[in-house]
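Here is the structure we will look at.
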Amino acid sequence: MLVHAHPDDESTGTGATMARYANEGATVSLVTCTSGELGEVVADDLAHLRGNPDALGEHRRGEIAEALRELGDIRHHWLGGPGRFRDSGMAGEDTNDAAECFAKADRDDVTRAMVEILRAERPHVVVTYDDTGGYGHPDHIAANHALMYALGPAADPAYLPELGEPWDVPKVYWMTLPRSFVKDVQAAGIEGFEPFTVPDEDITAVLDGRDHHAKKLAALRTYRSQVSLDDGDFFATLVQDPRFAIEHYVLVRGERGPGSGPHNWENDLFAGLD
């Protein structure tokens, strides 16, 4: 199961991982926390969506449905239902303080919604952002908190038993990037890429998804409101490099499975599970 903040985040950050496991026949589920109502609309033929958060949210809900069809058989949940939690906007914007935004949502409401999904899906592995949100986006941070705060209650039989049988998630990973990756893409002439990274030795798992790079790109192309892969900017250049389908994770809950290489990286998120 993967927990993401907005439509397109799942394809950008974990698209190859999702495609790999869907192709292998694993049950893959996605939780999307908001509809991305405040995203920047990049396609001029969709200019009517600019400044219209409700219309953009509805449009992006359609885009994610197309993207998931490209990635494979993915079970999709909107946290609390479609539109329940709203986009907070980029860090530092006035919208971060809106009462209805995800970053300001009542923790009990968010926890209840996440526990209900965890107990229904009963995942063996859950993936989300690190506690910085990857690059500090308020909704990414809130998505991390939504999952991490729900893990204990989901496993507690005394917590809202009407939400289903308790479930204790065996392994939780946070998405990340190793410092060596950033050096590699800079050496290849791709500039402007300054995410939060970690030392290579702190990485737990590396999934080489280059065999699924085409699916990841196909999913991203469905997000016409948000992404252009043909304008030659740094993001378009980056994602079309097959190395963009190598996805990196840090284990934060559960036992590390067998790995390989100088850093003993797992190559399977289910490593060590029966």
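In case you wondered, yes, glycine gets a Cβ from its N, Cα and C as well.
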Per Swiss-Prot, member of HIS140, HIS145, HIS212 binding Zn(2+) alongside HIS6, ASP9: HIS140
Environment of HIS6, ASP9, HIS140, the listed Zn(2+) site - residues of the same chain whose CB lies within 8 A of the CB centroid: HIS4, ALA5, ASP8, GLY13, CYS33, THR34, GLY36, TYR129, HIS137, ASP139, ALA143
Assigned element (helix, strand, coil) containing HIS6 (Zn(2+) binding site), judged by DSSP: coil
HIS140 (Zn(2+) binding site), number of other Cβ atoms within 10 Å: 28
Sequence-distant neighbours of ASP9 (Zn(2+) binding site) in its chain (C-beta under 8 A, six or more apart): THR32, HIS140
